[in-house]
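> My structure is below; once you've seen it, I'll send some questions.
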Amino acid sequence: MFKFNEEKGQLKCSFCGKTQDQVRKLVAGPGVYICDECIELCTEIVEEELGTEEEVEFKDVPKPQEIREILNEYVIGQDQAKKSLAVAVYNHYKRINSNSKVDDVELSKSNISLIGPTGSGKTLLAQTLARILNVPFAIADATSLTEAGYVGEDVENILLKLIQAADYDVEKAEKGIIYIDEIDKVARKSENPSITRDVSGEGVQQALLKILEGTVASVPPQGGRKHPHQEFIQIDTTNILFICGGAFDGIEQIIKRRLGQKVIGFGSDNKAADLEKEELLSKVLPEDLLRFGLIPEFIGRLPVIASLEQLDETALVEILTKPKNALVKQYKKMLELDDVELEFEDEALSEIAKKAIERKTGARGLRSIIEGIMLDVMFDLPSRDDIEKCVITGATVADGEAPRLVLKDGTVVGQDKTSA
């Protein structure tokens with residue numbers, strides 16, 4: 001124990017050894033002293049430990065309506081999909097809290113299948129759900145997976161991504177969310193079972209079955225293929241929520257045929273031919289997924305099916321401006337840091353939305369379009385201190401014209417509006 005330094009007559013911290021002159025405060029106990037820096041360090045350690053314990057528990061899971069309200073802050077439209085997701089997620093974590101059994105009734109897991117076109121918000125919905133619940137989240141691409149023993153990734157590597165997202169806290173990872181994208185790409189090549197091996201299609205579905213349902217999986221800590229001379233991380237997937245998303249191009253034709261077969265008959269109207277793609281997707285059933293190429297066992301482990309609509313121009317404009325992390329808000333903030341006000345005219349927003357629709361990229365393509373428009377602006381503006389405002393017009397987006405600039409002396413420059 002450190003007490004008095006006989007030469008200098010000073011007290012020292014019993015933990016770090018610093019003298020009372022080197023710290024702001026020294027607290028005395030029975031024959032022991034601790035400085036304010038060590039107290040702060042101990043507090044952080046305790047808070048971190050307690051915080052980790054609290055995050056693993058899900059005693060206050062938001063109600064479905066609360067989940068949908070928070071989703072509305074980040075994701076525009078897709079109301080039916082939000083409602084389906086909110087109920088499924090609430091029931092999933094309610095099941096975890098009840099230890100999966102209520103009065104000897106076993107509650108099964110509600111994994112989710114998201115069906116919708118590219119850029120409709122499938123990944124964003126899954127990410128936002130994980131953020132709401134404060135659980136680890138991982139994204140995997142189904143196209144990179146192959147059956148064990150073939151070139152490609154093992155399905156266990158999906159679990160490794162989740163463990164890494166949880167900072168290797170396995171208990172925390174066991175209550176996380178995994179989003180598997182492009183799940184439609186692992187559909188088998190034909191509806192009838194093949195005698196040839198389909199290692200990146202049906203083989204992947206077979207490999208995913210166990211982890212979707214719930215099993216104790218052995219995960220290589222460094223990823224890659226398993227070999228017998230390495231240690232494994234054991235993780236129970238029973239309480240991991242799996243969300244599988246895909247565009248399922250062509251499934252609307254399968255739905256249309258099913259609906260058409262049911263309405264064809266004497267004196268009946270074939271309404272299926274008149275239904276829009278979005279309306280058809282909302283009528284998807286497990287039997288349609290079976291005809292598309294998913295195996296029955298795989299479909300059975302994804303009991304919740306939610307369909308997303310193609311985003312129209314109005315929805316894309318709202319995505320640009322309304323969410324908390326809207327792209328327009330982000331770019332305005334970036335220019336604000338250079339003391340320049342940024343404005344997007346309504347016509348400019350409409351033109352950006354039209355370009356995204358033309359490219360068939362949905363909301364996913366909005367950022368690259370704005371980045372192209374803003375490149376010269378963000379390159380030149382930091383070097384100029386005479387600009388007060390930058391206005392992105394419809395002509396800037398549609399025709400590539402320079403944006404309108406308002407100088408600090410009131411002069412307006414650009415697009416035939418030069419004035420003093």
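Glycine too: its Cβ is placed from the backbone N, Cα and C atoms.
Relevant sequence annotations retrieved from Swiss-Prot are reproduced here:
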- 1-54: domain 'ClpX-type ZB' (DOMAIN)
- Cys13, Cys16, Cys35, Cys38: Zn(2+) binding site (BINDING)
- Pro117, Thr118, Gly119, Ser120, Gly121, Lys122, Thr123, Leu124: ATP binding site (BINDING)
> Quick one: of Pro117, Gly119, Gly121, which of the binding-site residues has the smallest count of other CB atoms within 10 A?
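Ranked by other Cβ atoms within 10 Å, the binding-site residues Pro117, Gly119, Gly121 bottom out at Pro117.
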> Around Ser120 (ATP binding site), which residues of its chain at least 6 apart sit with Cβ under 8 Å of its Cβ?
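Expected: Gln78, Leu308, Glu309, Gln310, Leu311, Gly362, Ala363.
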> Could you name the residues, excluding Pro117, Thr118, Gly119, Ser120, Gly121, Lys122, Thr123, Leu124, of the same chain that surround the ATP site, i.e. Cβ within 8 Å of the Cβ centre of those residues, in sequence order?
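Other same-chain residues near the ATP site: Gly116, Gly245, Leu308, Gly362, Ala363, Arg364.
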> Specify the secondary structure state of Lys122 (ATP binding site) as given by DSSP, simplified to three classes.
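The residue in question, Lys122 (ATP binding site), is helix (DSSP, three-state).
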> Far apart in sequence but close in space: which same-chain residues, 6 or more away, have a Cβ under 8 Å from Leu124 (ATP binding site)?
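Tyr74, Val75, Ala363 - these are the non-local Cβ neighbours of Leu124 (ATP binding site), listed in sequence order.
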> Which residues does Thr123 (ATP binding site) neighbour through Cβ under 8 Å, counting only same-chain ones at least six apart?
Ile139, Tyr179, Asp181, Gly245
> Would you count the other C-beta atoms found within 10 angstroms of the C-beta of Cys38 (Zn(2+) binding site) for me?
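So the number of other Cβ atoms within 10 Å of Cys38 (Zn(2+) binding site) is 18.
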> Among Cys13, Cys35, Cys38, these being the binding-site residues, pick the one whose CA is nearest to that of Gly121 (ATP binding site).
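Comparing Cα positions, the closest of these binding-site residues turns out to be Cys38.
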> As a test of the contact definition, list every same-chain residue at least 6 positions from Lys122 (ATP binding site) whose Cβ is closer than 8 Å to its Cβ.
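Sequence-distant Cβ neighbours: Leu114, Gly116, Tyr179, Asp181, Gly245, Leu308.
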> Measure the Cβ-based neighbour count of Cys35 (Zn(2+) binding site), defined as the other Cβ atoms within 10 Å of its Cβ.
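Cys35 (Zn(2+) binding site) is surrounded by 24 other Cβ atoms within 10 Å.
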> Please work out the number of neighbouring Cβ atoms within 10 Å of the Cβ of Thr118 (ATP binding site), leaving out its own Cβ.
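Taking every protein chain into account, the count is 15.
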> Determine the most Cβ-crowded residue among the binding-site residues Cys13, Cys16, using a 10 Å radius around each Cβ and all protein chains in the structure.
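Of the binding-site residues Cys13, Cys16, the highest Cβ count within 10 Å belongs to Cys13.
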> Would you list the other residues of this chain near Zn(2+) - those whose C-beta lies within 8 angstroms of the C-beta centroid of Cys13, Cys16, Cys35, Cys38 - in sequence order?
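Sorted by sequence, the hits are Ser14, Phe15, Gly17, Lys18, Val23, Leu26, Tyr33, Ile34, Asp36, Glu37, Ile39.
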